[in-house]
């Protein structure tokens with residue numbers, strides 16, 4: 001069966017989801033269910049370490065792999081601290097590194113991210129760095145021990161699709177570790193397209209959370225991700241400039 | 001439940017498929033099954049009226065609605081003759097009008113198509129005209145009794161996607177009858193996108209038939225079509241130029 | 001020298017401009033000058049037949065070819081009447097046929113346009129029909145005596161560029177009369193692109209008239225139109241998926 | 001007058017050109033003339049230090065600012081060495097840093113490029129780093145003393161246009177030093193578009209050198225670059241989804 005391996009974990013679902021921007025945490029279990037996701041990212045800040053009823057972890061089934069993220073970190077050092085706090089809080093050893101100091105476009109800082117990747121991979125974390133798609137930096141992240149790389153499609157929350165297609169395609173072509181397209185995917189067709197290009201998985205948050213019906217939208221992304229994966233495995237036909245008839249065109253009535 | 005009504009028929013599947021270009025007819029039943037389609041288009045020329053074993057109709061389950069097409073017609077008159085032959089051959093009263101005299105791009109002739117639509121609709125056919133997306137002509141087809149219109153996304157068999165997006169979007173916005181995007185859809189993401197835009201259905205042939213694994217590709221298009229429809233019904237969020245954080249960004253460590 | 005022939009007129013400039021939407025007619029002579037245009041389209045309604053000082057014709061140099069348009073016509077018959085009025089008012093025998101009954105997208109009605117083309121071409125007009133890009137209809141316009149066809153790039157005034165690229169490209173490939181891309185060109189790069197594709201000319205109105213500096217924008221479109229034409233004549237190199245070094249890459253320091 | 005300042009030099013032309021891939025050096029003076037360029041980049045390897053007749057510098061007018069590039073460098077250290085050699089060879093103190101270790105897509109290594117920028121800027125070079133468009137790295141290059149940054153539009157020699165539009169737009173929006181779009185510009189419309197977006201200049205090599213007529217293509221890029229700059233300064237009008245009439249539409253004949 002077609003599975004995605006990250007660290008030592010095998011995943012059947014190739015759709016990862018985020019937990020921000022929902023009107024209420026109450027809806028999360030249904031979105032997790034409808035999307036079929038097996039990996040959920042959570043900003044550590046949302047994790048109430050005192051385990052009150054408000055704790056977002058209460059809304060995430062134990063069978064789900066938690067992917068705490070270092071949202072809020074502006075340097076490698078801060079990311080490392082958040083990662084360790086997440087582990088101490090019982091969030092497991094997966095970590096999505098987000099190092100962002102640009103407040104307008106929320107673009108990742110690849111250089112600081114590479115540094116944090118190296119430190120945390122050595123400590124045994126399964127490290128998934130969020131990154132600006134850059135081949136050299138992806139190679140450095142791989143060398144630093146990343147379990148996958150998460151290139152952005154467009155700025156976080158922008159819903160604009162894979163605006164970085166050229167560079168993501170190159171990462172897919174050249175890298176030997178999983179490529180998870182993250183950020184900017186605003187519609188199921190964007191997720192399908194990423195998968196058709198050969199991405200290994202996608203992460204979606206805003207497009208689901210801010211839709212009119214997050215539960216249905218979660219399912220829509222699930223279907224589209226599966227569709228794109230199946231199409232990739234089945235190989236799409238070539239594009240042509242001129243037409244090619246599906247049906248016989250000649251001589252029927254003549 | 002969300003159904004598509006064409007003529008007096010209610011459809012749950014919004015993916016129509018074609019039967020051309022398959023390496024063998026033997027695979028058709030599996031593709032019909034995997035794609036979940038309820039409407040299959042067939043060039044009348046492929047229908048062996050003498051009902052030999054080679055007859056393509058033998059490979060299409062009786063519960064499927066047949067949509068014979070007038071492929072090969074170069075004028076309204078020829079299209080009308082083919083439609084009547086199809087009906088006489090037991091193919092039912094649905095007809096997809098294709099009037100094409102351009103051999104390179106296989107572009108439809110809207111004018112002749114409108115004429116054929118009018119004649120056949122009066123004779124009781126459920127008429128689905130294949131068309132170049134043009135608002136005025138779509139209105140004429142509606143006035144002539146079309147049950148739906150089938151604007152092309154790109155030249156037949158080109159696999160290029162919805163290159164006519166601007167005009168298809170206008171048809172969806174302005175017309176009150178079903179819009180079925182036909183021709184040129186080359187990947188599941190294209191089908192999802194058409195549905196997200198608000199198309200009522202899509203028709204796919206080449207992309208499934210010429211893929212490495214038509215049965216799996218049929219399922220991929222089924223999933224993508226459903227994904228796009230669900231997304232449309234659930235309403236996609238707006239696109240933004242700047243970022244919008246999913247996770248809290250401030251003050252965590254400071 | 002590279003000239004464009006329309007009817008019996010030879011043009012050096014391949015940029016046609018419109019006269020609507022300017023804050024004042026006073027600026028028109030400067031825009032005509034900066035854009036280098038030799039053909040200016042005018043809605044007959046703007047022509048004051050009593051020849052008052054307000055008459056827009058007073059602002060257009062006599063050496064410019066007037067292209068009165070039938071803006072306001074909803075049928076072929078109305079377009080024909082406007083054309084004859086324009087001629088009677090001394091606007092010459094060129095006519096741009098616009099037949100539009102859709103008030104939201106202002107899309108042309110190809111069918112009525114073909115009828116008007118036929119009538120007016122027989123009366124000796126040099127007929128330039130504004131059209132939805134459709135190969136069959138372009139052929140009918142050619143047969144009806146059109147001197148050129150004017151496919152739209154996007155809805156009038158939308159500034160969106162050549163959204164109908166696929167179909168315009170086919171017209172350029174298949175037709176033997178001049179193709180003038182009209183409507184929707186919102187930036188000089190759009191005009192350059194149309195010319196690079198092989199269009200024979202472009203018509204621009206809104207993008208110049210509604211810019212912050214119409215005189216400078218007129219010159220910008222002039223330069224871009226010339227740039228695109230030169231590039232077309234000089235033949236662009238092929239696009240590649242992978243890189244191809246401009247500079248020697250090997251062995252310099254090793 | 002609208003000038004571009006780089007280092008202490010004021011430029012009227014915003015089109016920089018490269019010297020690779022020409023069938024012969026003999027044509028260079030004409031391309032420099034037709035393109036109106038004032039800055040020409042040269043791979044140091046092409047500079048024959050022994051000043052033979054073959055020396056490419058013989059074909060470049062003395063009034064042109066030379067921009068030697070470090071093509072062939074795979075590390076910051078190699079780039080620094082090449083820069084110093086260039087200066088010693090009399091090529092002046094401008095340097096375009098290219099550090100590339102990827103042989104398929106020829107993508108720049110931002111990290112090594114930043115290091116070289118810092119060293120060379122301190123030595124008094126006017127440093128123009130070729131880069132993958134990344135906001136954080138552009139800031140680092142600015143801090144390191146770069147005189148401008150040169151983000152790529154697409155892989156070198158690919159002629160594909162500004163595939164990195166989203167990121168280039170962000171650099172233009174956020175950075176205070178000149179942005180020169182380099183690599184991948186394959187047609188004058190691409191150059192015009194970069195300038196319309198607000199880029200300060202463009203660098204073109206392959207599209208001119210490999211066209212059917214490099215001298216004419218050089219002029220085409222010159223015109224397009226000027227067109228885009230003028231359009232940027234004159235401010236383009238907004239894009240609209242629906243139409244907006246240029247001409248009066250109501251009541252003319254009614």
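Glycine is treated like the rest: Cβ placed from N, Cα and C.
Curation does not apply to TrEMBL; its annotations are automatic.
Bear in mind that the values here come from a model prediction, so they are computed numbers and not experimental data.
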Of the candidates C:157, C:218, C:228, C:237, the one that TrEMBL places in the 1-deoxy-D-xylulose 5-phosphate site of C:183, C:184, C:205, C:206 = C:157
CB contacts for residue C:96 (active site, schiff-base intermediate with DXP) [other CB atoms within 10 A, all chains] | 29
Have a look around residue C:183 (1-deoxy-D-xylulose 5-phosphate binding site) and count the other CB atoms within 10 A of its CB, chains all included.
-> 28
Cβ within less than 8 Å of chain D, restricted to recorded positions C:96, C:157, C:184, C:205, C:206, yields C:157, C:205, C:206
Can you tell me how far the Cα of residue C:183 (1-deoxy-D-xylulose 5-phosphate binding site) sits from the Cα of residue C:96 (active site, schiff-base intermediate with DXP), in Å?
-> 13
Over all shown protein chains, what is the count of other CB atoms within 10 A of the CB belonging to residue C:205 (1-deoxy-D-xylulose 5-phosphate binding site)?
-> 24
In the three-state DSSP scheme, residue C:96 (active site, schiff-base intermediate with DXP) belongs to strand
Going by C-beta under 8 A and a gap of 6 or more residues, the same-chain neighbours of residue C:184 (1-deoxy-D-xylulose 5-phosphate binding site) are C:152, C:153, C:154, C:155, C:156, C:158, C:159, C:160, C:161, C:162, C:163, C:190
Integer Å distance between the CA atoms belonging to residue C:96 (active site, schiff-base intermediate with DXP) and residue C:205 (1-deoxy-D-xylulose 5-phosphate binding site) | 14
For 1-deoxy-D-xylulose 5-phosphate, with binders C:157, C:183, C:184, C:205, C:206, what's the maximum Cα separation in whole Å?
-> 9
Have a look around residue C:157 (1-deoxy-D-xylulose 5-phosphate binding site) and count the other CB atoms within 10 A of its CB, chains all included.
-> 25
